[in-house]
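S.K.: Once you've had a glance at the structure underneath, I'll fire off some questions.
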Amino acid sequence: MKRLGGLALAALGVVFGDIGTSPLYAIRECFHGDYGIAINEANVFGVLSLLVWSLLLIVSLKYLTFIMKADNDGEGGILALTALLIRHCKKNGGSERFFLIAIGLFGAALLYGDGMITPAISVLSALEGVQMVAPAFHDLIIPATVTVLVILFLFQHHGTARVGTLFGPVILLWFVVLGVLGLVEILRYPQILQAFFPWHGIMFLLNNQLHGFMVLGAVFLSVTGAEALYADMGHFGKRPIRLTWAFLVLPALLLNYFGQGALLLDSPADAHHPFYGLVPSWGLIPMVILSTSATIIASQALITGVFSLTQQAIQLGYLPRLTVTHTSAKHMGQIYVPAANWSLMVATISLVIGFGSSSKLAAAYGVAVTATMLISTILFYYVARDLWRWNKSVLNVMIVVFLLVDLAFFGASASKLFHGAWFPLVIAAVMFTVMMTWKQGRGLLLKQLQDRTLTVEEFMSSLALQPPYRTNGQAVYLTANPDLVPLAMLHNLRHNKVLHSEVALFHFSTERVPRVPNNRKVEVVKLGDGFYKVVARYGFLEYPTIRQVLALANHQGLHFKPEAISFFLSREKIVAGVKSKMTIWRKKLFAVMSRNAISATSYYDLPPGQVIEIGLMVQI
């Protein structure tokens, strides 16, 4: 029970930060945004009803009850879900397999846009509360937001280990304050609780028609953090997340939203910022400080999520090797990816300056998350149909309901395409193109390399016929295919006419599971005459290092000394060929990514002084 409580408190700071800061802007956008609706009892009741049932249907039912069942060895998230499908659905034809990979990758690409917008809108909306206290400080809100964001991104390389223990208590205080503020206003206007009944939402949509449909885009802002609940499942487990949601987060959110609704009916003039309207004048400054702290924590969770997503994409072969730094010796999940960090910082600050207010940013926010949720629903359908063999009639009815809700929110959010919703879609399209180009380019590259080499069996037979000179020592050659001889070894043998007395061919394989247990991580095959084949299997959440592989291989008879090994790598220079399945601009993009990828020496933590790189020119 004590461990459960600790996990629940930790989950508060990481999992619920995004959805927990939605009260800062969700209600405001419904009544004061670009498509704001008139403030009257019917509209307030209708919006609150839609908001309540969105939280119940999307978060409580869809995500916490159903989608969280679809875990990949305990891990959640759209890439983990895609990997689960690809691993198990072997019977899927080529077109269906490509469809699943494509939508899964596009869903992951959408999260990059979300990771850029969330810090911008969250911190900006919190600091906008300053003008409630001192309107003269209005012009300082943008500079203050940029300053906070710069500090946030500059501190990423330190990791969250030191301050992470504060996240849970701060967000706990945040939710308690949310609930108390809302409850005070509800007690003044208890009739607002009638909005819980769903017919108010239905009548709102019927009476307001197209305008009411447009407001759905603002209503959706209340559930934008739902995907994080699923993505962070592997860190905290299903039970702590579900319990924390049911007994703290959901009640606090509902109380605050109902409180804001009651405030609007009592004081419509507060529509420009109903959240801060709940706060007594003496508490505005402390509330701005608490809100800013909560939004920084929510932003931190999104940034960390982008780092984790990038690492998964690298391990699964959808992005080139990038520098990944572990910021904690105890927790493997705490990483820092400099390239992702600086890209996010530039994009986030540009959004703050370009849009200028959280209200304008809200138009860009929803479409990325609605599209991701739509893709998660589709992937879940395939899991339930192909892996779990659910009753098709029941499954089809359930999926149709979820899809109708997802499509309604997506349509409402996409209606703001020219008001900023284009931004996350462009980011997603760029990232999707990058990932697909890298995957296809690597496939073409490996095909070219395979056509120029020998199988291990052919090579061993040729050695028996013409044995080369062997010098004392140990050599490791990295190979992309465990059944083929790396070109680096063939080139070395052709030019130097010599091989080491002990040679090991190392192949690193990323499995479509989060982690591989140590007893299955390394396989050593003795080929004879001093040759070995070593296959190291890692999960997509793990970080392979040569020292760990050598230590595990030592138990299987490979007695190589790390300080005595010569490591041979091939360094390919990519040139565009005449005939290829890739267009010329994608070939050039792949070549640029290949040149800028970090070397295998850095990625696998090889000792630089013991590495020999052999250059190869390859046409694709």
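Cβ coordinates are placed from backbone N, Cα and C, and glycine is handled just like the others.
Annotations for this protein, taken from Swiss-Prot, read as follows:
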TRANSMEM  7-27  transmembrane segment
TRANSMEM  44-64  transmembrane segment
TRANSMEM  98-118  transmembrane segment
TRANSMEM  135-155  transmembrane segment
TRANSMEM  166-186  transmembrane segment
TRANSMEM  201-221  transmembrane segment
TRANSMEM  245-265  transmembrane segment
TRANSMEM  278-298  transmembrane segment
TRANSMEM  335-355  transmembrane segment
TRANSMEM  361-381  transmembrane segment
TRANSMEM  394-414  transmembrane segment
TRANSMEM  417-437  transmembrane segment
S.K.: Of the stretches 7-27, 135-155, 201-221, 278-298, 394-414, which racks up the most C-beta pairs under 8 Å with the transmembrane segment (44-64)?
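M.R.: Stretch with the highest Cβ contact count: 201-221.
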S.K.: Who are the chain neighbours of the transmembrane segment (417-437) in space, where the CB to CB distance is under 8 Å and they lie at least 6 residues beyond its ends?
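M.R.: Same-chain contacts beyond the flanks: 34, 102, 105-106, 108-110, 112-114, 116-117, 313, 318-319, 347, 351, 355, 360-361, 363-368, 371, 582, 586, 589-590, 593.
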S.K.: Examine the transmembrane segment (135-155) against the transmembrane segment (335-355) and state whether at least 3 Cβ pairs sit under 8 A, considering only residue pairs 6 or more apart.
M.R.: yes
S.K.: Take the transmembrane segment (278-298) and find every residue of the same chain, 6 or more past its ends, with a Cβ under 8 Å from one of its Cβ atoms.
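M.R.: Tertiary neighbours of the transmembrane segment (278-298) are 13, 17-18, 20-21, 24, 118-119, 122-123, 125-127, 129-130, 132-133, 148, 152, 167, 170-171, 173-174, 177, 181-182, 184-185, 225, 256, 259-260, 263.
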S.K.: Check the transmembrane segment (245-265) against the transmembrane segment (166-186) for contact, please; criterion is three or more CB pairs under 8 Å, pairs 6 or more apart in sequence.
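M.R.: Yes, these stretches are in contact.
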S.K.: Out of 7-27, 98-118, 166-186, 335-355, what stretch is closest in contact terms to the transmembrane segment (361-381), meaning most Cβ pairs under 8 angstroms?
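M.R.: Stretch with maximum Cβ contacts: 98-118.
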